[in-house]
């Protein structure tokens, strides 16, 4: 594998001491199906790590490939850090633990998820088996306690990131679950399915809290009335946890407010496959089948003091711990997102 850099055509006229725009290519040698970024901790003086400059963290990128390999790169230099071997088929999705521990989870068409520890030379920690179809989505909760995985099945699987055991099956969809995401405080989990619905779950109890149905907007669209025109492709939470974005086959990007049952904004798009919020809010990126990434402005919001308090509490309290608090019932319902 090679890493190449190409300077822009105007770079020759630029002074050498000035920054020059570059295009960087990581030659993986295979079709790339999944990507995930993380940071490698800063190297210590006298350390043997060849990756990072002393005192500076560096950006790493994991790539899931068509032949089942996972290649992990140091982005700035293009240096190949690891080639992780174990999967027997396409690596469809990747997710780093948000706490910077360098734990990586991979989802594959070989019907397994695998857990890798890059801080231990890329050692394979665990193989998670339980799906009977291709696994193509995985999401680690922000508090790093849970992992959700989706395959071509009507149920999503919820795993413990502490014991790497199955916690429960989330059953409620009528068709394949294709996407999943946790809220920023880990108190909510959303799953999207080909059945045109997004289900909002309490991951601690397995309770369904709300269903968002993607009803076609006939006045805005021009297509024949097919059964699966509103099949979901992707769902994601906004960074503050007050909005959801969804992409469906009915050629619409929808934005939902957490406490409303109908979308608050629409955007026409074709061939949509995935969506992701900018980490600081305000923008959404969508990927399409025809090879484009599009950017959209999203509603900006100032979180209420109530929501900020709930988010802060739910970051370290489970649903069961909230229900055990000696506080009024209505406050418990608010803290557990049961006041929709």
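Backbone N, Cα and C atoms are what each Cβ position is placed from, and that goes for glycine too.
The annotation repeat 'WD' is assigned in TrEMBL to 61-83, 84-119, 128-169, 170-211, 225-259. The domain 'SOCS box' annotation in TrEMBL covers 304-340.
The repeat 'WD' (225-259) shares more Cβ pairs under 8 Å with 170-211 than with any other stretch in the list 84-119, 128-169, 170-211. Below 8 angstroms of C-beta separation, residues 31, 33-41, 60, 62-72, 125-129, 131-140, 142, 144, 147, 149, 151, 159, 161, 164 of the same chain, each at least six residues beyond the ends of the repeat 'WD' (84-119), sit close to that stretch. Long-range contacts of the domain 'SOCS box' (304-340) within the same chain, counting only residues at least 6 positions beyond its ends with a Cβ under 8 Å from a Cβ of the stretch, are 142-143, 184-188, 200, 202, 204-205, 209-210, 240-242, 258-259.
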